[in-house]
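Have a look at the structure below, then the notes.
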Amino acid sequence: MTAFDADLRSLAAQTTLSRRTVIATSLATGFALAVQPVAAQTTIATDANGLIAGEVKIPMQDGVIPAYRAMPAEGGPFPTILVVQEIFGVHEHIKDVCRRLAKLGYFALAPELYARQGDVSTLTNIQQIVSEVVSKVPDAQVMSDLDAAVAFAKGTGKADTARLGITGFCWGGRITWLYAAHNPAVKAGVAWYGRLVGDSSALMPKNPVDVAADLKAPVLGLYGGADQGIPVATIDRMKEACRAAGKTCDFVVYPEAGHAFHADYRPSYRAEPAQDGWKRLQDWFRQYGVA
């Protein structure tokens, strides 16, 4: 299995649009073109009442990257959650997830982790998103950028990074596992349908199953039993790797759900597992000292 076979099988291909790659200097508005039309009847829209929410710039050694931040308007410092994007980048759904977390009392931060490689928001073909942008993003760069995001959050004075959690979806689900093995400051992680196995490469030398023994925080994995790109056998393999390493991990597999069952803006959305997973996320962060 090549590195992105799981993602490509899990996501429906769309029509092709040629374009010139543009380096992202700000976040996209709305939803990624690759998921149009949006399933408006199920899309959840969380308001920003009582919140400070919007785009920020995170300093890096080689410049800045855009990010979306949401937090309560009053009080703090707040427990901190990194929100890691799907394959489609930091679009409206990821921003809405940040606002949902902020309504629960968190400082939520979603950095645009593709910023150096290109802007996926104008692409309408998933294979193109993978080949032109996502496949060129090194895991080491992502880990470093997330470290910088934590430092940025701490520097605001509004984020309690001693209570640090991470959650991610699809591409970000895989990153959630990797970051929980990378940063000892992480208290807990929740990975939504993130790929667990795959071929290694120079840019992506390890997958979650390879770093199970290095996990530094408890991780909850939320998966769909009908996900065509993430076979249940690979989930079982990750379970065994965590068990053999003596790591605290839990897995919930929703039998009838496919990939992206939490993505309420897409036809893949399944309300019951999405709502159950969201409750489990809250309980997991509370249990392991993030809340």
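Keep in mind that glycine also has a Cβ here, set from the backbone N, Cα and C atoms.
Listed features, source Swiss-Prot:
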type     : residues : note
SIGNAL   : 1-40     : signal peptide
ACT_SITE : Cys170   : active site
ACT_SITE : Asp227   : active site
ACT_SITE : His259   : active site
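Rounded to the nearest whole angstrom, the C-alpha distance between Cys170 (active site) and His259 (active site) is 8.
Take the CB of Asp227 (active site) and look out to 10 A: across all protein chains shown you find 24 other CB atoms. Rounded to the nearest whole angstrom, the C-alpha distance between Asp227 (active site) and His259 (active site) is 5.
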